[in-house]
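These come from TrEMBL:
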type     : residues : note
COMPBIAS : 635-653  : compositional bias 'Basic residues'
COMPBIAS : 723-732  : compositional bias 'Polar residues'
COMPBIAS : 741-752  : compositional bias 'Polar residues'
DOMAIN   : 774-840  : domain 'SAM'
REGION   : 617-765  : region 'Disordered'
REPEAT   : 1-89     : repeat 'MBT'
REPEAT   : 97-202   : repeat 'MBT'
REPEAT   : 212-318  : repeat 'MBT'
REPEAT   : 326-423  : repeat 'MBT'
SIGNAL   : 1-19     : signal peptide
Amino acid sequence: CHVVVECLSSLLWFLQSSFQPGMKLEVANKSSPDTYWVATIITTCGQLLLLRFSGYGEDRKADFWCDVMTAELHPVGWCAQNDKALMPPEAIKEKYSDWTEFLVQDLTGSRTAPANLLEGPLRGKNTVDLIVEGSVLELQDVSDPFLYWPVRVIQNVGGRLRLRYAGLSEDLQAQDTWLFYLDVRLRPLGWAPENRLTLEPPTELRSVKSAADWQQALEDARLDAQKSPLPLEVFKDHVDLPKHSFKMGMKLEMVSPWEQLKICPVSVTKVYNEIYFQVTLDDLSVDAKPRFVVCHANSPGILPVQWCLKNGVGLERPRGYEGQDFDWADYLKQSGTEAAPDACFPDAWQSRGFAKDMWLEAVNPHRPVEVCVAQITQVRGRLLWLRLEGVAKPLSECIVDVDSMDIFPVGWCEANAYPLTPPLKPVCQKQKKIAVVQPEKQSAPSQPLEMTPVNHCQPVAMDPGSANGRYCCSKIFVNHRCFSGPYLNKGRIAELPQAVGPGKCTLVLKELLSMLINAAYKPGRVLKELQELEDPSWDCQEETLKAKYKGKTYRSTIRIVRLADQIPDFCRKVCVKLQCCPNLFSPVLVTDKCPENCSVQTKTKYSDAYYYGKKRKLSKPMGGEEAAEGELAKPTRRRKKRKAIFVQKKRRSSAVDYTPAGSPQPSDFPQDSDEGEEDEALQSGSEGNSSEPRDDHTDASSVEVTSSRPRRAATLRRAVSMVNATGSSQEASEGRRRSTRSLSAYNQSDSKYQPPKGQDVEEEEGQLVLDRNPLEWTVDEVVQFINSTDCASLANIFQEQDIDGQALLLLTLPTVQECMDLKLGPAIKLCHQIERVKVAFYRQYAN
């Protein structure tokens, strides 16, 4: 969790900005030089901000992006301090008569963007980057929760801070403390006095200096903090500690802070307040020396009584305990105490997906400056048993909590340019250099395997000297200006970060492909296309990706290259597969003009035919026949065989049955054969080869129709306002029932529409007469109408793109060709039917 929140880890590629939506700032007005206006942050993407000038309200048409590092942005009040003019944009200049009063109301109660994030050395930095060398914080004493003392940041490694107490010189660097910046012991300077807490040096260091020297050190720390104050945004992700319910004398189990591989009985010996309490190690010996630690309700390592027994873990007997076997019931009875209730503890069974034999990077508890390669040897509830590679026994094993801030994913050190302690020797014998990917597929890679937390295979060998370079890549850029093709939504592509990486090849590519799937018009279709991507020359690793669409979740296994030198070829072939510009995402940054000149190319340029000199082959039919290589793929009514894509569907009321996800039966993809026929019908319709109305309609709510046509109906509907309210639920229900009937009532001989019984449309004197305003037509009613014409083969397009009555009336010939990818002949035929509806609408309802 701390790596997710910290968001600087290059493995997770999650851009987060210190700016927050809703913040106000002053921006240069491009339409009027030397003037400025107040703007609101709508959303952020790294150092990019999406802004909207005040006065536009909810109108998004004038939203614009700017780069914090290059744009002229200032905090609210800057214009008044520098005698600059505040003037609204010309487009809304006449909207309000008194802009001064408007600004007062608009800024009242709003949050302004911090000045130090817009100007100076901290400009445009991420949250963790704000903590620079020399920053001053306050650190809670390890043995007294009411004592704090200033510390200086000596080093910042991806949010992991090396801290030195104020007043200590470099000669005493052995006293430095390593903590993650989200640790609850860290507070901004001045927090302790504001909360009536004491500022005193740590108990164990007080004798190092005199009281006067410590006081001088405190003053120096305050002066340093004033020169370069630490923004409060650093602490925005700190979690407030909950209240505990422990009482004096209660017994519990705890991972020993002094011996990292032991779980011991401890007692609550002091309750400081509703947040903090003290636990002491149980010691019944005569020469016992109390060993205690300060805890809170979320302290890692505290466990309820009998936890070890229930999890099959050995519990250390208290020192001096008489008896061979330790029994909690007898122990509580003899001591006259009670066990702490289970409700006092955090969820003791939350493993957060960790499993035995996974690899990660972990801090050596005996040398906090050292981060080691580590393997999980066992998982019990919230606790992980780790074996630290490269550390001599018996200090090579320890127990950590799943929420420990001392564990990190594989590659974290490399992403943050910090040395990683490698294993002392290979972790397996030579003959075991094989990774079993799946039971039905086995491969023997030609290169040594590296240690990686992959679910499908057990890592068996590692070459510390060369693995990082070969299996890790630099940045992969998302070139937003390049042509996005028929599968990907241009607007969603624009919201993606500019680059992903550097880091481990498979992790970088997995994250990038996940972003592309989420940016698709139909994620399930893109997932299917990626599933078919393969090359015999690639050294691949199989990863499971998923896509969500219309309440269903699709999962598929995708082959991803593992070697850095194969990434350019992999990226290019993925782009070709998705029919977008080969530079849409690439290891090469396209700064100005794309080398492919994709801005002036047509969609058909970026097909497999362009790059490989042949049409894309159809999927293998059920009969086992394949289209010959180089042969033109023609529409067919044959069923297509699909690779298994497992679907999880949200519960909804539907008459269509489906099989739960994970079933090996063909019904994992509901009504797969009908969907294949629909795909082919769409192809046939686009060529103008089919004019028969269809009777076999499939419930679109239960089938993912694979098509590359983008969803444009929402854009069309935004161009017109709602004229009348939608009909009652009873009418909508009746419309859905009507849409399932056969509507093949069009007489082609005289081109006259003859609606069946019950249809709310009729012909009068050669003209179409409507009994219902088409502005109120639902998608089903539109499909019903199209099915009743000689364009019935195109009805599925309307269902697929959610075109209702409003969108239907906005369709024109250019729009139909662009949105539906139809050739001129079928498009003209379809527009003829749409024009009939428009004429009837203008005649009957326009006035």
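Quick reminder: no glycine exception, Cβ is built from N, Cα and C everywhere.
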Checklist outcome for this item: Counted with DSSP (H/G/I as helix, E/B as strand, rest coil), the domain 'SAM' (774-840) has 52 helix, 0 strand, 15 coil
Checklist outcome for this item: Per DSSP, the repeat 'MBT' (212-318) contains 25 helix, 28 strand, 54 coil
Item to check | Within the repeat 'MBT' (326-423), residues counted as helix, strand or coil by DSSP | outcome: 15 helix, 35 strand, 48 coil
Checklist entry - Could you give the mean pLDDT over the repeat 'MBT' (326-423), rounded to a whole number? => result 88
Next on the checklist: Counting by DSSP secondary structure, give me helix, strand and coil numbers for the repeat 'MBT' (97-202).
Outcome noted: 26 helix, 32 strand, 48 coil
